Amino acid sequence: MAAGGGGSCDPLAPAGVPCAFSPHSQAYFALASTDGHLRVWETANNRLHQEYVPSAHLSGTCTCLAWAPARLQAKESPQRKKRKSEAVGMSNQTDLLALGTAVGSILLYSTVKGELHSKLISGGHDNRVNCIQWHQDSGCLYSCSDDKHIVEWNVQTCKVKCKWKGDNSSVSSLCISPDGKMLLSAGRTIKLWVLETKEVYRHFTGHATPVSSLMFTTIRPPNESQPFDGITGLYFLSGAVHDRLLNVWQVRSENKEKSAVMSFTVTDEPVYIDLTLSENKEEPVKLAVVCRDGQVHLFEHILNGYCKKPLTSNCTIQIATPGKGKKSTPKPIPILAAGFCSDKMSLLLVYGSWFQPTIERVALNSREPHMCLVRDISNCWAPKVETAITKVRTPVMNSEAKVLVPGIPGHHAAIKPAPPQTEQVESKRKSGGNEVSIEERLGAMDIDTHKKGKEDLQTNSFPVLLTQGLESNDFEMLNKVLQTRNVNLIKKTVLRMPLHTIIPLLQELTKRLQGHPNSAVLMVQWLKCVLTVHASYLSTLPDLVPQLGTLYQLMESRVKTFQKLSHLHGKLILLITQVTASEKTKGATSPGQKAKLVYEEESSEEESDDEIADKDSEDNWDEDEEESESEKDEDVEEEDEDAEGKDEENGEDRDTASEKELNGDSDLDPENESEEE
């Protein structure tokens with residue numbers, strides 16, 4: 001039982017190549033390479049058995065494949081004979097190979113006929129097919145896709161039997177239970193379905209990344225004393241993309257425990273898994289895991305309850321080339337797939353190149369924790385050329401054959417035999433012949449002989465060049481595109497870039513930002529366009545922070561020093577302007593101007609005369625003050641005397657007035673008196 005590297009759901013991750021051994025006998029090894037070709041190899045003699053190229057192999061590449069189960073024995077009474085059509089259908093199904101494509105269709109290829117058997121399209125998937133599983137009893141198959149649905153197909157009628165939604169996100173892996181009544185499906189979480197009712201029986205936690213492989217590890221539960229319903233107590237294994245842990249789960253009667261009971265740890269992401277089923281509680285499970293780094297890890301463990309610590313491999317297998325000479329060093333050879341043989345004591349290893357793999361049977365030795373096999377595969381990769389490659393091929397004709405050519409009936413043109421290839425063709429021309437020059441020929445053909453100026457590169461070629469440069473790490477090609485200064489050209493190029501090249505482009509821009517300042521200015525324009533145009537795509541990436549962490553730290557460091565640089569820039573401008581102004585005014589003559597105020601310093605003799613004059617002036621000033629005070633006193637005395645005289649006159653007037661009132665005399669006029677009366 002094996003699970004091949006079907007495909008990664010991450011667009012940025014390198015996709016695994018779908019491959020699988022034929023069931024039971026493992027006589028064939030099917031491999032769908034990246035060029036869209038299906039190749040079937042014989043494992044016994046490492047020979048190519050068949051090769052099939054689908055019509056849409058470039059647009060609809062193969063994403064997963066699965067062999068049909070071995071020949072089924074129908075449970076019928078001996079009196080009833082099997083129909084001829086049923087027998088033919090059963091034998092044909094034995095050698096069918098199901099291929100899932102990136103466009104949602106499923107192809108059934110017959111290895112017996114060497115041609116396409118049928119195609120499953122109508123009512124199926126609308127997106128990439130991630131996994132295919134054949135049912136071992138009913139002659140149907142199940143498929144899951146990125147469109148979130150699971151489809152049950154009838155292989156005989158090529159129609160959909162049932163279709164239901166498997167998850168809120170894409171469904172990446174499937175596995176059918178040993179009794180054929182349950183189905184495991186996984187996106188990030190794992191669900192156990194009842195096939196009869198299409199209802200969820202159990203939920204499991206799953207992995208943080210999309211699950212790439214699912215398989216049951218046991219047929220019977222460890223506790224055989226309790227009644228067995230076909231699923232309770234069984235263990236199954238799951239592996240995920242970018243996850244170095246393989247988790248083991250147990251289906252229990254209660255629905256409380258949803259976490260894994262144990263896990264196996266490997267060195268890298270698993271791309272191919274094969275195991276031997278445990279038929280009783282005392283038989284250990286043997287597990288072979290092929291990692292992306294090209295190593296094979298072998299595990300052997302009895303599944304019996306919970307284990308807290310992750311289990312490490314019992315044996316690790318590597319393959320390397322022999323070092324030729326003292327200076328040459330051995331190079332590792334990647335292992336592509338590994339499967340247990342029927343005796344469970346040996347292993348089939350597929351290593352080398354996907355286009356020309358090498359298949360070898362290796363005996364297992366549990367005593368050695370590490371095995372390194374030295375293999376020379378240089379001869380296997382060399383293409384065999386039987387005939388010389390020539391551009392010109394002459395047809396082989398019989399000397400007695402007659403060749404008919406157009407002409408008048410009855411007249412036969414003489415056919416000269418072709419000259420042998422050993423003769424040399426004369427390359428010298430006859431001198432003195434009247435030969436027309438090339439310029440005259442072009443003039444006669446009315447062709448413009450003037451050379452056209454060098455045209456500018458078209459905009460649509462920039463995305464192609466940039467994509468090729470990022471994939472091949474071509475420095476000259478990247479410089480040709482990234483050193484452009486036209487902002488409109490940069491925007492159009494970024495708009496036409498494929499989505500899977502955005503992260504490599506940002507990483508290349510980050511690398512160039514750390515270089516020369518002149519190139520960093522150009523990279524800032526590219527970076528601005530990428531972040532503005534593809535902001536929605538970047539926000540959907542789950543691992544955006546670790547991928548763009550270097551760019552973020554670089555921007556933060558540049559922003560921190562911006563204020564200091566601006567202050568320094570202002571000071572430098574001030575100093576430079578002052579220096580330039582002083583240099584300009586140094587040589588120029590200033591125009592004549594009159595001083596608004598002139599201060600002259602006096603000598604020491606003048607200062608002494610001034611001091612004497614100041615003293616005299618101070619003495620005179622004191623005398624003047626005394627005289628002014630005496631004059632003020634005299635004036636005050638005179639004013640007092642005048643005031644006393646006036647007071648005396650007023651007193652006399654008052655006395656006379658009072659006497660007149662007493663005597664009845666008044667100073668009123670007669671008219672006034674009459675008025676009073």
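Numbers here mean position along the shown chain, with the first residue as 1.
Placement of Cβ uses the backbone N, Cα and C atoms for every residue, glycine included.
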Review point. What residue among Ser225, Ser328, Ser431, Ser604 has an entry for phosphoserine in Swiss-Prot?
Key: Ser431
Point to revise | phosphoserine according to Swiss-Prot, picked from Ser85, Ser118, Ser313, Ser437 | key: Ser437
**Study point:** Listed as SUMO1 cross-link by Swiss-Prot, one of Lys309, Lys331
**Key:** Lys309
Revision key, fill the gap. Feature phosphoserine (Swiss-Prot), candidate list Ser177, Ser590, assigned to Ser590
Exercise for review: Report which of Lys159, Lys384, Lys480 appears in Swiss-Prot with the annotation SUMO2 cross-link.
Suggested key: Lys384
Review point. Pick from Ser238, Ser263, Ser399, Ser519: which does Swiss-Prot describe as phosphoserine?
Key: Ser399
Check your understanding: Residues sitting near the repeat 'WD 4' (166-205): Cβ under 8 Å, six or more positions beyond its termini, same chain?
Key -> 3, 6, 9, 127, 130-133, 135-138, 142-150, 211-216, 219, 230-231, 234, 236, 238, 249, 251, 255, 258-260, 277
**Study point:** Within-chain partners of the repeat 'WD 1' (11-51) [C-beta distance under 8 Å, separation at least 6 from its ends]
**Key:** 2, 4-5, 57-58, 61-67, 69-70, 97, 99, 109, 111, 114, 212, 241-242, 271-272, 274, 292, 336-337, 339, 341-342, 348, 350, 354-355, 357-361, 499-500, 503
Check your understanding: Over the repeat 'WD 2' (57-119), what is the model's mean pLDDT?
Key -> 71
Exercise for review: Using a Cβ-Cβ cut-off of under 8 Å, list the residues of the same chain that are 6+ residues beyond the ends of the repeat 'WD 6' (267-309) and lie near it.
Suggested key: 1-5, 14, 16, 19, 21, 178, 212-213, 215-224, 235, 237, 239, 241-244, 246, 248, 261, 315-319, 332-340, 344, 347, 349, 351, 364, 366
Exercise for review: Summarise the repeat 'WD 1' (11-51) by DSSP state, stating how many residues are helix, strand and coil.
Suggested key: 0 helix, 18 strand, 23 coil
Practice item. Tell me the Cβ contacts of Lys309 (SUMO2 cross-link) under 8 Å, same chain only and six or more apart in sequence, or just say none. Key: none
